[in-house]
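The following features are taken from Swiss-Prot:
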- 1-23: signal peptide (SIGNAL)
- Cys80, Cys83, His84: heme c 2 binding site (BINDING)
- Cys148, Cys151, His152: heme c 4 binding site (BINDING)
- Cys320, Cys323, His324: heme c 7 binding site (BINDING)
- Cys454, Cys457, His458: heme c 9 binding site (BINDING)
- Cys579, Cys582, His583: heme c 11 binding site (BINDING)
- Cys611, Cys614, His615: heme c 12 binding site (BINDING)
Amino acid sequence: MSRKVTKYSAVLAVSLFAAALAGCGSENKEGTVGTGPGGVATVGDTACVQCHSAVVDPLTGESIITQYTRSFHYSKGVGCEGCHGGGAQHNGVGPLPFPLAGQSEAQIAARCASCHNGVIAPLSSSPNFVNGNHANPFGGEEAKENLCSRCHSHEGAIFGAQAGFTGDGNILRNAAYQPVYPQDPETFNVMTCATCHQHGGAQRQVFTQISTAGVPNSRRTVAWDPNRNSINDQYDLCTSCHTVNTMTGTLIGSGNVLQIFTSNAVGSGTKSVTTAPFYHNTRWFRTLPSTHYDFPESKTTASGTTIEGYVIRRNTANPCFDCHGHEFQTNTRRLAGADRPNTIFLDWGQSAHGGKLLQAKVAAAALASSGAAEVDDVMKAGATDATAPGWTHYNWDDTASRGACQRCHTSTGASNFLNNPAGYDRTGAGNSFTHLAGWTSSNKRSDQNELLYCWGCHTKAGTGELRNPGAITEVYPGINSTSTGTTGLDVTVSYPDIKGSNVCMGCHLGREVGDNIKAITDADGILGFVNSHYLTAGGQLFGTTGYEYATRSYANPAFFQHDKIGTAAAPGTGTNGPCAGCHMTTPTSHLFLPVTKDGTGAITAITSTACVTCHAGTFALTPEGLTAEEEEYVASLEALKAALAGKGILFFNAHPYFYRDTNANGIADPGETVSSNAFTNWAGVYGLALWQDVMGAAFNANLLIHDPGGYAHNRFYSKRLIWDSIDFIFDGVLNNDVTAAIDAQVTAARLDSATATAAKAYLGATRP
């Protein structure tokens, strides 16, 4: 038999010890007689235990019955016969429908796969494991070496865990700690299900060795418990090889003392962080904290931070399965390469949802010196305001100051909202961030920040199962201010059920819509700008977010289909709605980009299958054509900004976004872009009766400037909002003089002629 077949068979064979969840086998461990899997009557666990209590784990010597009683299967009432079939014909010597011994590899594999197929038992998916790195290590010969076998072989992992050969490099490199294996490592095998799981499926216990400093002969073996919760849990098991911190809490790294830059309102400097050496402490991609730790010390502004890595929820039941399931193959050592096939993890690490964190890590590694210095530099690299302001700019988990933002700027808030939109507390009071360093129920703040992690959108990363908020009904709160005497009513918008894309809608609908302005009562039209917030593509898609001028129609043309992508109304575009249909039907689905771009921002390829499916033949899209439309869209917004500047309303891309042009030069000068100079006198442009229409033009500009894909999401809606806003703000009348309005900005030197030409090409000579 080939070695490959033997390995595959061994992987699946051992998983028989954990083969059934409720519903797979029908046998009850309490002894109720019935028909078990295989059609043979059952006799109950008591009869099995009578003979098999003396059978022991061949590597640890522990009773398999003792192991089984610690398992999830036992606690859920799935007994021996749930895997092995009814025992009425067995009696110690007779047949069992599904015995372990004497069966062919194909029979054993088929039996295990009946439950461990990624569907019935999604958290224990045998196919994912078989195709992952644990069953297929990069260097198979590492399993044959005495020291390396601790984490690169089945037997070595079990023997080492039992002997307390677990911890940082100081332990693993110390000959006194190394166990004497009862068999030659040359006979060791690659990892199987039973490397981590005992008979019945419970996690194996891991031990380490500790000693008291200065006390001779004080070394002793204790349970490996780096999250210090006195529970044998998944964090303990996984970090026994993928070590994050020592038993005393010291961060794993190169072993050097890191200097972490910090800055706050008082001043700036560095803070020292001691690391313990990992065994592989000279390559960043072999040291887990290089990507799985966020330094709370790294405050880069009074309120912002650098996010150096993912924060593990250490004390939850499945902290590693939050993202990995049994996949175990990330391929994140580099950004690309034929020898590193694409994975969801590779995509996410380069995406905006992931703060482009992996790009920062790979770039730091490329510039670093080799060895421990590489590990240090990569550990300190991270997402910043330059690449990920939505995650780094504020301390989003600070409930007192940012609770209302947590729904979309933290994974915790996003997951809680998507689980129960109607019951979600908008103040953030119901969000717990106890997995972040220093966050408690009393202070409710931490200097670590989250990105949008897998578990923010998914309930089960192993299967990709999404959270299910249902169709989103968004309540946009009314605008009220006692200081300006402003009152406003809530605006409620019910969006259609778009299946998996409902998850996206949870954060891409904006915080205010144009109708919020119309719902305001204000005595003098002097008030702060109503801000749509960022990336409101879902609202644009369904034509609900903009400020719509009276007498003008904003209904989609009959042939408009973008809001139907991913539904039965648009065959061939998927079943998960328009957001997923366009942004996730690409070879790099979790980059969330339907196109690729070069370094200049030009579109080089259209990768979304939805785009290609619909835009064929006469309506085929080309990268060049789409790039031109994007450029013209941006130009039209520049024209709108110029028209607003002509009325003394300057746009600057920082809250509150619109400022007074105090020197009437049409340029947002540094001294003008301060909050004390915010534009507030909307009635001063065309009178009190029209103040809402004036703010509406500014609202539409801000809305679409912050939707860079607005030219594609719903180009008809976007064009009409821009057209009407320019039309009105130019002379206070809706009279379709947009071409003249744009030309006037060129004459006034607020817009260059090339941009004006592109804007007119995008909007056309008549209202879209």
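Every residue, even glycine, has its Cβ placed from backbone N, Cα and C.
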What's the CA to CA span in angstrom from His152 (heme c 4 binding site) over to Cys320 (heme c 7 binding site)? 19
In three-state terms from DSSP, label Cys582 (heme c 11 binding site) for me. helix
Say you check the Cα of Cys148 (heme c 4 binding site) against those of the binding-site residues Cys80, His324, Cys457, Cys582; which is nearest? His324
For His458 (heme c 9 binding site), which DSSP three-state class applies? strand
Cys80 (heme c 2 binding site) CB neighbourhood, other CB atoms within 10 A: 29
Considering only the binding-site residues Cys320, Cys611, Cys614, which fall within 10 Å of Cys582 (heme c 11 binding site) when distances are taken between Cα atoms? Cys611
Taking the centre of the Cβ atoms of Cys611, Cys614, His615 as the heme c 12 site, the remaining residues of that chain with Cβ inside 8 Å are Ile606, Ser608, Ala610, Val612, Thr613, Ala616, Phe619, Ala620, Leu621
Spatially closest candidate among Cys151, Cys614, His615, the listed binding-site residues, to Cys80 (heme c 2 binding site) (Cα to Cα): Cys151
Rounded Cα separation (Å) that holds between His84 (heme c 2 binding site) and His583 (heme c 11 binding site): 45
Going by C-alpha distance, which of the binding-site residues Cys83, Cys151, Cys323, Cys454, Cys457 is nearest to Cys614 (heme c 12 binding site)? Cys457
Most Cβ neighbours within 10 Å: which of the binding-site residues Cys151, Cys323, Cys457, Cys582 is it? Cys582
Distance [Cα-Cα, Å, rounded] between Cys454 (heme c 9 binding site) and Cys320 (heme c 7 binding site): 11
